[in-house]
Amino acid sequence: MNTIEKIRLDPITRIEGEITLPGSKSLSNRALLLAALAKGTTRVTNLLVSDDVEHMLNALQTLGIRYTLSQDKRECIVEGACGALAWQNGLSLFLGNAGTVMRPLAAVLCLKGEVRAEVVLTGEARMQQRPIQHLVDALRQAGANIEYLENQGYPPLAIKNTGLIGGKIQIDGSISSQFLTALLMVAPLAESDMQIEIVGDLVSKPYIDMTLAMMRDFGVVVQNNNYQSFFVQAQQCYLSPGQYWVEGDASSASYFLAAAAIKGKVKVNGIGKNSIQGDRLFADVLAKMGANISWGEDFIQAEKSVLRGIDVDLNHIPDAAITIAIVALFAETETIIRNVYNWRVKETDRLSAMATELRKLGATVEEGQDFIRIQPLALTDFETAEIETYNDHRIAMCFSLIALSNTAVTILDPQCTRKTFPNYFAEFEKLWRKN
């Protein structure tokens, strides 16, 4: 594979056109796992082609799930196991830096298997720095047999398939909604009903709504008591819906919508007003900043206007929120993004990384423990910079928008976008209009 060390983006006069989004990473990996656990065969369409989805597919295959993947990898026919997965004792699964694989699999692999076996879940160095203790603590309350192999609270994990009893479980929701998602997805397969109580403030609630909607699509209804507790009936089997279409990735939509709000007009296809993804709300934040936004059943359109800074809590859309930090540079007044501590436990510490890279461009930035304050720049005041991407796909993509200033920008390691959007830069370039 050819490695591209950097990509230089020269100033872009205008952005204009249409883009059709690749499938959502979060939906793709949830759909594959639910299909694997379900009774029946599921055809998953508009699957995202990316590193993270490949990690899920490889793991499921190793765990005995049969599937047929189309030549373009966008459609997968999954034969469900109707319950616990099976593997040879001593198995080790390498899951890269894919949180949407590590967290739910850690829960599912605790289920009682016909043959007792142990599995090790491991990943890249960064994965071993991403906390998982809140999930492990909750699973242990339900009877799980999980051990940390290196650092307490972090992968790699050793898991034995001795079963999940269920019962009353407390889980801390303050760091990542993926922990609750993992627990919810496995709860119907536990031995007794599960009452899940949330400790602390639950972050990224729209991602929980997405999980609950998908569980409904696969035949399981969860009782949600105002996000304070959840009740799940045990000894169920997910039921295949036959076909599951994966919506376009709302987080990936943010770059194109933001580009249009700064300098043009773009119609983003593949996600619309009825999307189950919380990151669709990114468009509402742009609208509050002054962008012209219009919605359809299967599209969102953004058009340039005068942008104002904003003081906003973006806890509910943490992945799309970092794009607002770039839009802030093009606004007329300062922007404060609040309640985003969980940026620090993403693919990199995004609060620190964003502050560092924004300052390279000449921006005045204040980095707090859970907020970032950004002063705007005139189009002519951006400094030429090489942007370090920290092996974080979202940093690479959002900093591409700096080319909408009067200054070129260089993105290091642009291929890190393989995690969710391998051909992002090619798609972005199709919308460029230059003098």
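Heads up, residue numbers simply count up from 1 along the chain you see.
Including glycine, each Cβ sits where the backbone N, Cα and C put it.
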- Query: If Swiss-Prot gives Lys25, Gly99, Arg130, Gln178, Arg350, Lys419 as binding phosphoenolpyruvate, which of Arg66, Arg216, Arg308, Arg394 does it give for that site as well?
  - Reply: Arg394
- Query: Closest of the recorded positions to Arg130 (phosphoenolpyruvate binding site), Cα to Cα, picking from Arg30, Ser177, Ser204, Asp319, Asn342?
  - Reply: Asn342
- Task: Out of Lys25, Gly99, Arg394, give those binding-site residues positioned within 10 angstroms of Asp319 (active site, proton acceptor), comparing C-alpha atoms, in sequence order.
- Result: Arg394
- Query: Which of the binding-site residues Arg30, Ser177, Asn342 has its Cα closest in space to the Cα of Arg350 (phosphoenolpyruvate binding site)?
  - Reply: Asn342
- Task: Quick one: pull the CA-CA distance for Arg394 (phosphoenolpyruvate binding site) versus Ser204 (3-phosphoshikimate binding site), whole Å only.
- Result: 17
